[in-house]
Amino acid sequence: MNPQAKLIFTTSLILGTTITISSNHWILAWTGLEINTLAILPLISKSHHPRAVEAATKYFLVQAAASALVLFSSMTNAWHTGQWDITQLTHPTSCLILTSAIAIKLGLVPFHFWFPEVLQGSPLTTGLLLSTAMKFPPITLLFMTSQSLNSTLLTTMAIMSTALGGWMGLNQTQTRKILAFSSISHLGWMAIIITYSPKLALLNFYLYTLMTAAVFLTMNSMKVLKLSTLMTSWTKSPALSTTLLLTLLSLAGLPPLTGFLPKWLIIQELTKQEMPLMATMISLLSLLSLFFYLRLAYCSTITLPPHTTNHMKRWHVHKPVNTQIAILTTLSIMLLPISPIILTIM
C-alpha cells in the first residue's frame, strides 16, 4: 500500500477514536465511529484477495447497521428527554437499542458471527487493530452510559459470549479465528462487569489489549497463520516461541501472569455484588478458552520436528530483536506483582 495512503488511514483511525472518546454529544460520537469504520476498510481489503474484499464488505455492512442503531437510540432518547448528552441516556428503550448496537460493534454473542470471518480475511496487523483499537470507542461509550444500561441483558450476553467464544474456538486450526474467538470470550468478561465497576472493565480491556498485541505481533513476526506453521516455529525462533507460550497462558488468565489480575478482580467484584452463581459460571466457562490457548502453546513449543505435518520448512533468517514484542511480552507476563499500584492508580 502507498505510504501516503497508509498515513491518511492511520491518522483517520486516531482522529475517529479521539473524537468518540472525548465527545459528550451523541452526533459527535457517531461521527467518530463512522470515521473509524471508513478508515479501517482499505486496511482490511488492501491485499485485493477475494476473501479480504468479502471481509471488508461484511465489516462495512455490520458496522453501518450498528452505527444506524446508535443514532436511532440517541434520537429516541433526545425525543423523549430533550437531552443529547451521552451520560444522560435515561429512556429504557434507548438503553436497550444502544446495548444491542454496541454489542454488534464489539462482536458480543449473539451478534458475533461477523467477527471471526472478518479477522480471517484480514492481514495479522489489521487483525490486531480490529481486535484492540477498533473495540476502544464502543467500550468507552459503554463506560460513559454504564449507570443506565440493562445489567440483566449485559450479563446474559456476557455468559453467552464466554461460552460460545470458548466452544467455537476448540476445533479451529486458523490462528486468526482462534484469536477472534478469544476476543469474544474476553469481551464477555468486560460486559459482565461494566454496569457494576466500569473502571474494572476498562482495566480488563487495557490488559487484554497488551496481551493480544503481544500475541499478534509475535505471530506476525513468525509469519504464522495456521497451527501447522506454528508447529515448525520452534526450530526457527525458540526464544520467541517460549515467550509466546507465556503470553498465551497469560491471555488464558493463569496465575502468576498478568492475565490473572482482571479475572481475579472481576470474580471478587461479582461476589461483592451477590452474584456468586454468575462468577462460578464465567470462571468455569473460561476453562474452555484455556483449552485452546494450551493447544496453541503446545503447538508452538512442545511439538518438535520430526512430525507429520506436511508443511514446507522456511529459510532461517537472523532477525534483529523486535523491541515492541519484547516490551509487550514483558508487560503481558510480569504485571501481577505490581497489581496494588495499578489498583491505586484506578
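Glycine residues also receive a Cβ, built from the backbone N, Cα and C atoms like all the rest.
Annotations in TrEMBL come from automatic prediction, not curation.
The domain 'NADH:quinone oxidoreductase/Mrp antiporter transmembrane' annotation in TrEMBL covers 23-288.
Among the features that TrEMBL reports, transmembrane segment is placed at 56-76 (among others).
Residues or ranges marked as transmembrane segment in TrEMBL: 96-115 (among others).
As annotated by TrEMBL, transmembrane segment applies to 152-171 (among others).
According to TrEMBL, the transmembrane segment annotation covers 178-196 (among others).
The feature transmembrane segment is assigned by TrEMBL to 202-219 (among others). Sequence-distant contacts of the transmembrane segment (202-219), counting only residues of its own chain at least 6 positions beyond either end whose CB sits under 8 Å from a CB of the stretch, comprise 124-125, 127-128, 131-132, 135-136, 139, 143, 175, 179, 182-183, 186, 189-190, 193, 225, 230, 240, 243-244, 247-248, 250-251, 258-259, 261-262, 265-266, 322, 324-325, 328-329, 331-332, 335, 342, 346.
The annotation transmembrane segment is assigned in TrEMBL to 239-257 (among others).
Taken from TrEMBL, the feature transmembrane segment applies to 277-304 (among others). For the transmembrane segment (277-304), the residues of the chain that approach it from at least six positions outside its boundaries are 155, 158-159, 162-163, 165-167, 169-170, 172, 175, 178, 181-182, 185, 188-189, 192, 227, 230-231, 233-235, 241-242, 244-245, 248-249, 251-254, 263, 266-267, 270-271, judged by C-beta separation under 8 angstroms.
Residues annotated as domain 'NADH dehydrogenase subunit 2 C-terminal' in TrEMBL: 290-343.
The transmembrane segment annotation in TrEMBL covers 325-345 (among others).
Between the transmembrane segment (239-257) and the stretches 56-76, 152-171, 178-196, 325-345, Cβ pairs under 8 Å are most numerous for 325-345. Within the chain, the transmembrane segment (56-76) has long-range Cβ neighbours (under 8 A, six or more residues past its boundaries) at 26-27, 29-30, 33-34, 37, 40-42, 44-45, 84, 89, 91, 93-95, 97-98, 100-102, 104-105, 114, 117-118, 121, 130, 141.
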